[in-house]
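Colleague: Attaching a single structure in structure tokens format; questions to follow.
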Amino acid sequence: MGGLRPWARYGLLVVAHLLALGLGAAMLQVLEGPPALRLQAKLRAERATFQAEYGACLPPGALEELLSTALAAQAHGVSSLGNGSETRNWDLPSALLFTASILTTTGYGHMAPLSAGGKAFCVVYAALGLPASLALVASLRHCLLPLLSRPGAWVAVRWQLAPARAALLRAAALGLLVAGTFVLLPALVLWGLQGDCSLLEAIYFCFGSLSTIGLGDLLPGRGHGLHPLLYHLCQLALLGYLLLGLLAMLLAVETFAELPQVRAMVKFFGSSGPLTAEDQGGILDQDELALSTLPPPAAPSEQAPAC
């Protein structure tokens, strides 16, 4: 494949991407189609039962109009269900969580601005806030990545590992640390606190948040009749989790992206020229930076020449 022209390589990459999209769509059709049909049939049966019992008391079309109004309000995060703990959608904790979902591009969709001024402000706020957030994340990454490289560099020196193997070991260790600290551990906490949430759903929520997918179909404490104080504490905890977890996820992705194997693959699709030492180095530069912070080994004592 090394003799392929650049346009052929790009075409191969596009075809592979389209095949991955088609495979994902086919799998979702198989997995989600039957449950959606069952839920739709259940909803129709419930509506038919309600109309049979109370249809004589309602004018024609009243139920459909009420449901349409309720669904339109629910799409903007407004609901009259529950005990009133979530009736104030735009209090300070809710607004902070909404702005964090914008700046982290998570976009849960649990709330949305209703007014024209709010929508215009979201556009301006995101246009100014996203570059500032990226600059902040880049600065933190620049400070934290060398610190995280020191343990791996120490292990590489202690075990006398090859640079490529040391880089792979450090990337795997950082990935496991991020997965355990920011995915598995929060999922276990969420699973224990949320009664009707399975462990798989908790992991699904944590990974969806940190990967900025943010489908919004599951939010901690939502719709469970929590005390307003506890509900707001859940929102603030989710805010901190988003900010710290997203930074950890980006550090892990950056570490894997700088692996020599990954850089070689990117170089294959990006240029037809031979791989340079810089392209093959990748994360090894971080090793050199980390090694430069370690104390130099003690020089061997010179023996006096025999007389």
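All positions are counted from 1 along the displayed chain.
From the backbone N, Cα and C atoms, a Cβ is placed for every residue, glycine too.
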Colleague: Scan 52-71, 92-111 against TrEMBL and say which stretch is down as transmembrane segment.
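Modeller: Per TrEMBL, the stretch marked transmembrane segment is 92-111.
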Colleague: Quick test of the contact rule: Cβ under 8 Å, at least six residues beyond the ends. What residues does that give for the transmembrane segment (236-257)?
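Modeller: Here the qualifying positions are 93, 96-97, 100-101, 104, 106, 137, 140-141, 144-145, 148, 170-171, 174-175, 178, 181-182, 186, 206, 209-212, 219-220, 263, 283.
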Colleague: Do you know the DSSP helix, strand and coil residue counts for the domain 'Potassium channel' (183-259)?
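Modeller: Reading the DSSP string over the domain 'Potassium channel' (183-259) gives 53 helix, 0 strand, 24 coil.
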